[in-house]
């Protein structure tokens, strides 16, 4: 029977328990990495626009974080547990911060961002692209890029973002497996779940690029500072409620730790690595552990795909600016997820839930969120009317991916380029790809205040307005769309809270399915599987599917295809909401199988405990 004692002075630093200090430092590290991940996910739409790249390439940049993690996760989770874990976590935080700095480099090398516009950079700012009727189409300027333009270096600066992401992934590697195993080793069993707890565009324009790099610099500082406390924490602690070796022998704890570290340092790499294969085999033969990995891969694939492209979805579906979309995600999602983790851990601690009960809670709470999720299919807005793409020039609904439908009788003689996205909103509520394609022959004002007049295509609409003018930018979605956005965000808030409540019970199933000596390695292999089969392919796959719904691509300054400007929102919605629904639905199959295995295991353990007194009595006779 284990001896219990009051906290010893050697366990404290400035009167605070060292385990509590580690928990605080780990919490800061988790906040730093989560804040950075959430921030970068919300900034990918800005990066896509700045570098004029498709969503599939954005998915690859996103997945590079998982690749960096993948390179080290197995090595760190196995060998890291045999060395000074706090110092390894500190090193990881420092590397993570360096990756953030590297990600921000393109801003300082890129120079001024050039907005895609039909206005020539050589023209005066007050001069706009208008319809010049009765001119031959053969007089159009060539749109072929020059040789000098193709050599511009800015087009490849997204590689810095990808490499920075990869380094971030390498730095994040030790935080989860070593941090969680450290807590599990030295915290009371019932406490561990609780502890883990001159512009012509506006920000609403799809071409707007904000200061995405600024937040990354802040994230770099936060992660660097979060790593500092780990350098000063001991390699090991006394488990809560147990007597330390220093109290038993009378020696100082520092002397004991130094002696132990010297002994372990003398071990050869062979002695450290000899259990690698047996541990791996034991994990592969653990049915609960393997099923949990399958569940995690399916759930993470859905989650990562959705969170990566949520800002873009809010922009395209509800007509929100990139900054508004990012702000709404932060307000409605992140705080409530933290609350869910906290209350999930608190619930596990207070009621001392066993593994079977934790699995039941995780399964059915997640299923409740899954049912609620389908309500999002009804929180939709009407497709924005864009002449030549989603409606005809007469205002009749139609969908077209072909470029030639941008031309009509009202603008056929206007010498308009079909490549540029420079939208204007007419008084009839229809958006036109450019003022030239709207047939506008005059303009007044400059910059954001310019008004286009005498627009022949506006007059050609099914319900023509006497005032055939247009202003810069796309038309608003309307008041009903704002209401639908509120419903969608409320559903997200409730769903995020319910889903995060299930996270801690689910994680406890993973931890308690492992033997004490397998925990660090087991958590690492779980992370490895999640990165390989979900974190890397999911954003790439989602991005590639989303690209197939693009109706109008932007144009790079050199003439190549840039980022998508407008999507077929109906197809986009079915991909964005439908694919995660499918993945999450399939994940309940291994979830139910896990419940049956744990139930059978619980029954066998009860039978053993009931038979034990009888066997002891027989031996006594």
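A Cβ is built for glycine as well, from the same backbone N, Cα and C atoms used for every other residue.
The transmembrane segment annotation in TrEMBL covers 21-40 (among others).
Look at TrEMBL and you will find 60-81 (among others) tagged as transmembrane segment.
Sequence annotations record features per position, and here TrEMBL assigns transmembrane segment to 88-110 (among others).
Annotated transmembrane segment per TrEMBL: 211-233 (among others), in sequence order.
As annotated by TrEMBL, transmembrane segment applies to 288-310 (among others).
Summarising the annotation, TrEMBL assigns transmembrane segment to 325-347 (among others).
Sequence annotations record features per position, and here TrEMBL assigns domain 'Kazal-like' to 404-459. For the domain 'Kazal-like' (404-459), the DSSP-based tally of helix, strand and coil residues reads 10 helix, 15 strand, 31 coil.
Marked as transmembrane segment by TrEMBL: 487-511 (among others). Sequence-distant contacts of the transmembrane segment (487-511) (same chain, at least 6 residues past either end, Cβ-Cβ under 8 Å): 180, 184, 192-193, 196-197, 288-289, 292, 295, 318, 328, 332-333, 336-341, 343-345, 347-348, 353, 355, 358-359, 361-363, 365-366, 368-369, 372-373, 375-376, 379, 519, 522-523, 526, 594, 598.
For 532-554 (among others), the entry in TrEMBL reads transmembrane segment.
Annotated transmembrane segment per TrEMBL: 574-598 (among others), in sequence order. With a cut-off of 8 Å between Cβ atoms, the residues of this chain six or more beyond the transmembrane segment (574-598) that come close are 287-288, 291-292, 294-295, 298-299, 301-303, 305-306, 309, 313, 355-356, 359-360, 362-363, 366-367, 370, 373-374, 376-377, 509, 542, 545-546, 549.
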Closest-packing stretch to the transmembrane segment (288-310), where packing means Cβ pairs under 8 Å, from 88-110, 325-347, 532-554: 532-554
Averaged pLDDT score, the domain 'Kazal-like' (404-459): 84
